[in-house]
Structure formats: C-alpha cells, structure tokens
Amino acid sequence: MHVSVVGSGYIGTTIAAWFAELGHTVTNVDIDEDVVDAINAGEAPIHEPGLDELIGDHGGDTLVATTDYADVRDTDVTFLALPTPSEADGGIDLAAMKAGAESLGEAIAEKDDEHLVVVKSTVIPGTTEDVVTPIVEDAAGKTAGEAFHVAMNPEFLREGFALGDFRDPDKIVYGAESDAARDTLDRVYDPLVEAADGDPAIVETGIKEAEMIKYANNAFLATKISLINEIGNVCKEYGVDAYEVADAIALDHRIDEHFLRSGVGWGGSCFPKDMNAIRHAARDRDYDPVLLDAAVAVNDRQPERMLDLLGDHADVEGKRVAVLGLAFKPGTDDIRYTRAIPIIEGLQDRGADVVGYDPVATENMREKFPDIEYADSAADALADAHAAMVVTDWDEFAALNTEFDAMADPVVIDGRRVIERRDGLTYEGLTW
Ligand SMILES: NC(=O)C1=CN([C@@H]2O[C@H](COP(=O)(O)OP(=O)(O)OC[C@H]3O[C@@H](n4cnc5c(N)ncnc54)[C@H](O)[C@@H]3O)[C@@H](O)[C@H]2O)C=CC1
Ligand SMILES: O=C(O)[C@H]1O[C@H](OP(=O)(O)OP(=O)(O)OC[C@H]2O[C@@H](n3ccc(=O)[nH]c3=O)[C@H](O)[C@@H]2O)[C@H](O)[C@@H](O)[C@@H]1O
C-alpha cells in the first residue's frame with residue numbers, strides 16, 4: 001500500500017518508519033525542512049532507541065519525507081500525527097490539526113479515487129467528526145463517506161519503547177463508521193498483525209469511542225501512578241517502604257505490577273496534556289472530574305515533597321546542587337513536562353547553583369534553562385556538589401558508586417529509587 005503520515009514528530013516518524021519496515025511505501029509530510037532532510041538522509045529526527053537503524057534502512061527509499069502536501073495524492077490513506085498541545089486553560093490546541101486538515105483537503109481535492117483520512121493524534125471526542133472532517137470537506141470540495149472516508153486510530157506506544165510497542169501492541173483501535181475505512185485500516189495493519197509476537201486485539205468501534213478510549217487509557221495510567229504516589233507518601237511518613245508494598249499488591253492480578261513505581265511523578269508530552277484536556281472537556285459539559293483533579297494535584301505535589309526532603313538535610317543557598325536526569329523518563333530526549341523542570345525551578349528559588357546532567361536530553365533542556373550549568377557526565381555533575389536530586393531513572397545512575405565520594409556533602413534525594421543506600425551517603429528516597 002502507499003501510506004502517508006502527516007507530522008514527523010515522536011509518533012509520526014515512528015509509525016512512518018514502521019509502515020515502511022512492514023513493506024508499505026510511505027510518504028511523510030512535515031512543515032519542518034530540517035526534519036524532512038534528516039529523514040531523507042536516513043537519520044532519525046528524534047532520539048528513540050532503534051529508530052536510527054529503521055530510518056537508515058528506509059529513509060530516502062521507501063520512506064520519503066516532504067514538505068509538499070500534494071504528494072499525499074499518490075497515497076491511499078493519510079494518518080494525521082500532528083501535535084495537540086494544551087491551551088492555557090487546559091483545553092486542546094487544535095491549530096496544527098486544523099492547518100493539517102486544510103492542507104490535506106486541498107491536496108485530495110485533485111485526487112480522482114477514494115482516500116482514507118485517519119486521525120492518529122489524541123483528540124477530544126467529537127474532534128474528528130466535528131472539526132477535522134468539515135475542514136477536509138471544505139478544502140477538498142468533497143463529502144466525507146463518498147469521495148473520502150474518515151477514521152480515528154489512537155496510538156498507545158510509549159516513548160523510549162516506541163518501536164517495540166508499535167510492533168507488538170496489546171490492541172489496535174479502529175474508530176470508523178464505514179466498511180471502506182475499516183477495510184483500508186486492515187490493509188495497513190495486516191502486515192503488523194502478522195509480524196507481531198503477540199496477538200493484538202482489533203477493537204472495532206465508533207469514532208468518538210476511539211477518541212475516548214485513548215484518554216481513558218492515559219487517565220487510568222496517570223491516576224494509577226498518582227494513587228501509588230499517594231500511598232507512597234503515607235508510607236514514607238510511617239517509615240514503610242512503598243516499593244515492598246507495591247510488589248505485594250501487584251501480585252493481585254486485578255492490580256498488576258505495571259505503573260506502580262512511586263516517586264517524583266509523571267511528566268512527558270502526553271499524560272499532563274491529556275489529563276488537562278479530559279478534565280477541561282468534562283467541565284465543558286458541567287461534569288466535575290474530582291478524581292482526575294486529585295490525580296493531577298498529587299502529581300504536582302511530588303516535586304515539592306522532594307525539595308522539602310532536601311531542605312531537611314541541606315540549606316542549598318549559594319551551593320552547587322546536581323540534578324541527575326533531565327528527560328521526563330529514560331530512553332528519550334523529550335523534556336516536555338519533565339519533573340526536572342519544577343525541581344530546577346524549586347532549586348533556583350532556594351538560591352542553589354544548579355548543575356544538570358542527562359545522557360541525551362541536555363541540549364533540549366539548555367533551550368529551557370540556558371543559564372544553568374550542564375555537565376558531561378554524572379561524575380562531573382556530582383563533583384563538589386552539596387546535594388544531588390535524582391529525577392530520571394536512567395540505568396547509568398544505578399551504577400554510580402565512588403562518584404559520590406567527590407561530593408562536597410554526600411546528600412542524595414532519590415525521586416526514582418535508582419540509587420542504593422550506602423554508608424557515607426545521606427540518602428532519602430521519596431516514598432521509601
Ligand atoms: N509522543 C508520544 O509518545 C505519543 C503521542 N501521541 C499523540 O500524537 C500526536 C503527535 O504527538 P508527537 O508526535 O509527540 O508530536 P511532536 O510535537 O513530536 O511532532 C509533531 C510534528 O508535526 C509537525 N507539524 C506541525 N504542524 C504541522 C502541519 N501543519 N503540517 C505538517 N506537519 C506539522 C511538527 O513540525 C512536528 O515535527 C499528539 O496528539 C500526541 O498526543 C499519542 C501517543 C503517544
Ligand atoms: O499518549 C501518549 O503519548 C503515551 O503516554 C504514555 O507514554 P509515555 O508518556 O511515553 O511514557 P510512560 O512510560 O507512560 O511514562 C510517563 C511518565 O510516568 C512516569 N512513571 C511511569 C510508570 C511508573 O510506574 N511510574 C512513573 O512515575 C514516568 O517516569 C514518566 O514521567 C503511555 O504510557 C502511552 O501508552 C501513551 O501512548
């Protein structure tokens with residue numbers, strides 16, 4: 001099949017590369033020329049384990065990136081993988097979706113045969129049918145359900161594990177109202193279902209249901225982490241190890257072991273914005289989402305609790321403090337809503353001289369905080385530091401040992417349970 005993907009970000013690039021790997025011919029449209037050039041040169045425009053190899057194999061060959069929307073005319077189906085960030089009031093900003101839908105409509109205006117438009121981005125129920133479809137119809141001068149079809153196909157992959165998650169999903173959700181749309185999605189995904197190690201469920205549902213399934217999935221996971229963080233905070237007050245508690249409750253299959261790691265909380269490009277969007281959408285219909293609000297409140301409090309623990313052991317005014325980990329989680333250079341941001345801001349408020357270290361996210365963080373110091377290694381960050389805040393659970397931090405000896409004061413506040421307690425270290429875990 002000939003598939004097009006609009007947007008070459010964390011999702012667009014990953015799915016475009018995978019579609020090429022599965023044997024489809026792929027056109028990837030983005031407005032950013034640097035991104036387009038990178039893909040055509042066989043280089044991944046983002047850091048994602050394994051993506052360089054996949055783009056190296058297909059970029060500029062069966063995967064061609066372009067800034068020209070007209071190229072989608074040669075394709076059978078277009079996946080819109082455009083950003084849906086938060087607006088100031090928490091609602092979703094649909095500017096990129098609207099611009100993409102209009103450009104796509106203009107392109108398929110000139111197309112003779114049928115096309116399938118698939119919304120891959122995370123959008124509030126009703127967006128595909130009430131916002132995207134009318135824009136495509138107007139720009140194309142065509143009617144949905146006749147000259148083109150529409151579907152919603154949410155994505156559940158995680159950054160850092162994107163390639164494996166996309167290849168082996170638990171489920172593939174088809175939100176579609178027509179057989180034509182479902183048939184085309186089948187033709188796109190059949191090679192993936194055949195290649196998958198597991199046996200992914202194909203969920204055939206309505207468009208609005210597909211949109212909501214995505215928010216429900218993320219809201220459940222984010223709330224699960226906040227719940228274990230809440231329990232962890234109580235554990236800490238009683239000197240109980242929240243990780244031992246989590247391991248035990250995980251044995252109940254109704255709870256399970258995933259997303260039970262307590263600590264400094266969830267960040268990233270999706271949980272925070274999706275929790276904002278679904279709470280905003282609920283309020284739009286006069287529903288007060290008290291539990292989702294509480295999950296966000298618990299999450300917002302975790303960095304403050306970490307800073308309070310630091311305050312119990314050190315006055316950091318005018319002192320060097322290392323922040324280990326800047327990415328919102330290991331395996332990615334993504335710093336969107338990383339917990340490192342409130343930690344750095346809190347340290348600055350306390351007058352500390354912050355030195356940050358991350359194996360891959362430093363350059364992204366430098367744009368956000370150009371004035372703090374960045375170290376080339378964890379060892380350099382720790383040297384002469386009066387305290388260290390562990391914010392991201394990169395494996396390399398677990399291997400740190402004699403590096404702590406070079407600290408001016410060996411105070412370690414661990415927000416992710418990666419450092420072992422040891423003699424000579426003043427160690428505080430956030431929930432253990
Ligand atoms: N990042 C993730 O792990 C996941 C993201 N999602 C959803 O996927 C959507 C996309 O997210 P990301 O890939 O993280 O976004 P991103 O911000 O990484 O990438 C978006 C890309 O779209 C391009 N773009 C912006 N406007 C454009 C336009 N008018 N035409 C063509 N290209 C344009 C940008 O240049 C950028 O390369 C969001 O709705 C997100 O919630 C869903 C599951 C996982
Ligand atoms: O919609 C999205 O974009 C994606 O959002 C999350 O994926 P992602 O944000 O990439 O990363 P996660 O592994 O879910 O981690 C999110 C945050 O939760 C934190 N986390 C995760 C697990 C845990 O037990 N404890 C915990 O604090 C991580 O450190 C990280 O800050 C979901 O897991 C994906 O299914 C979804 O597709």
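Our numbering is plain: 1 for the first residue shown, then up by one each step along the chain.
Using the three backbone atoms N, Cα and C, a Cβ is placed for every residue, glycine included.
All annotation found in TrEMBL is predicted automatically rather than curated by experts.
Lys329 is the only one of Lys98, Lys329 that TrEMBL places in the substrate site (with Phe156, Leu157, Arg158, Glu159, Lys214, Phe259, Leu260, Arg261, Ser262, Gly263, Gly267).
Here Arg158 (substrate binding site) is compared against the recorded positions Asp30, Thr122, Cys270, Lys273, Arg336, and the shortest C-alpha distance is to Cys270. The number of other Cβ atoms within 10 Å of the Cβ belonging to Leu260 (substrate binding site), over all protein chains shown, comes to 20. Proximity to ligand 1 at the level of Cβ atoms, with a cut-off under 6 angstroms, picks out Asp30, Cys270 from the recorded positions Asp30, Leu260, Cys270. Residue counts for the domain 'UDP-glucose/GDP-mannose dehydrogenase C-terminal' (322-421) under DSSP, helix first, then strand, then coil, are 31 helix, 18 strand, 51 coil. Proximity of the recorded positions Phe156, Arg158, Glu159, Gly267, Cys270, Lys273 to ligand 2, judged by a Cβ distance under 6 angstroms to any of its atoms, singles out Phe156, Arg158, Glu159, Gly267, Cys270 in sequence order.
With respect to Thr122 (NAD(+) binding site), the closest of these binding-site residues in Cα terms is Gly267, chosen from Leu260, Ser262, Gly267.
Note on Arg336 (NAD(+) binding site): other Cβ atoms within 10 Å of its Cβ, all shown chains, come to 19.
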